[in-house]
Amino acid sequence: MRSRNPVFSRRGFSRDNGYAGFNAAPQAGGPAVATQANPYAQGTQGNPYAQPPAGNPYAQNPYAQPDQQFGAPPQAPATAGRMTMDDVVIRTASTLGVLVVTAALAWALLPVDDANIGRSYGIGIGAALIGMVLALVQSFKRKPTPALILLYAAFEGVFLGVVSSVVDNRIADGAAMQAVIGTMAVFAGVLIAYKAGWIRVNRRFYGFVMAAALGFVLLMTVNLLFAVFGGGDGLGFRSGALGVVFGIVGIILGACFLALDFKQVEDGLAYGAPREEAWFAAFGLTLTLVWIYLEFLRLIAILNSND
């Protein structure tokens with residue numbers, strides 16, 4: 001159930017078999033629910049992925065009881081130590097709380113007037129790079145490290161505080177609050193749509209979102225390279241009418257990643273994921289919300305600069 005950066009593949013999706021929790025059916029004679037494609041099942045009986053191709057993270061359940069590896073009947077799983085919705089909410093709130101506090105401190109302590117904007121922006125960019133490295137390290141770890149996740153949130157908060165202050169004070173007054181409200185609206189809307197069953201997260205949905213995200217990131221990377229080495233706005237993907245279109249696309253992609261995050265949390269709860277996996281849920285949700293907030297902030301800045 002490991003959540004990753006929106007541009008990376010996430011735990012639960014394998015290169016060969018897609019997502020272990022999507023549309024899986026039990027084998028004949030196997031249990032109806034308990035172990036079908038369950039990454040946290042207590043054995044492999046009835047598991048269609050009992051002998052999967054190499055590279056499937058669910059080839060063997062790391063949380064299975066030791067005696068089950070020798071053919072012993074599966075035991076009723078204990079409820080102690082399982083992830084709960086409260087765990088996800090508390091850890092997500094903690095991560096976002098650290099991010100908000102450091103963002104507020106950066107806003108207050110790093111002025112963006114003409115005399116100080118260079119220094120403040122440099123600190124913000126440095127914090128963003130450190131946060132990106134920490135996010136990459138955590139994304140490739142098999143187990144969550146709470147300190148690493150909270151450090152990522154702290155450095156990302158510094159970056160968000162600086163860039164929000166720049167946009168709010170120098171481009172569009174009130175832009176930061178508008179971006180926060182927009183992010184909250186997207187989160188609430190996707191959550192309602194997901195719970196109502198209007199969004200179906202399956203292999204096709206995952207494949208479409210990942211393909212669109214990779215294409216989006218590739219275009220933004222090319223645009224950045226042209227801007228760095230050619231000057232100006234690069235290919236224009238982040239300014240003018242084209243910038244508005246790409247800003248909207250970025251927000252839609254963020255909403256799609258929220259649906260993937262909700263699906264991972266839902267599957268983790270259903271399959272009895274260990275409590276530590278709640279930190280992965282918090283990490284993934286934080287990454288996605290930061291993505292959406294930045295796209296809103298960028299879109300607001302573009303719209304106001306075009307006035």
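Backbone N, Cα and C atoms are what each Cβ position is placed from, and that goes for glycine too.
According to TrEMBL, the features are:
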COMPBIAS  35-48  compositional bias 'Polar residues'
COMPBIAS  58-68  compositional bias 'Polar residues'
REGION    24-79  region 'Disordered'
TRANSMEM  88-109  transmembrane segment
TRANSMEM  121-140  transmembrane segment
TRANSMEM  147-163  transmembrane segment
TRANSMEM  175-194  transmembrane segment
TRANSMEM  206-229  transmembrane segment
TRANSMEM  241-260  transmembrane segment
TRANSMEM  280-303  transmembrane segment
Ranking 88-109, 175-194, 206-229, 241-260, 280-303 by Cβ pairs under 8 Å to the transmembrane segment (147-163) puts first 88-109
Restricting to the same chain and to residues at least six past its boundaries, which positions have a Cβ under 8 Å from a Cβ of the transmembrane segment (175-194)? 164-165, 167-168, 201, 251, 254-255, 258-259, 262-263, 289, 292-293, 296-297, 300-301, 304
One stretch in 88-109, 121-140, 206-229, 241-260 has more Cβ pairs under 8 Å to the transmembrane segment (280-303) than the rest, namely 241-260
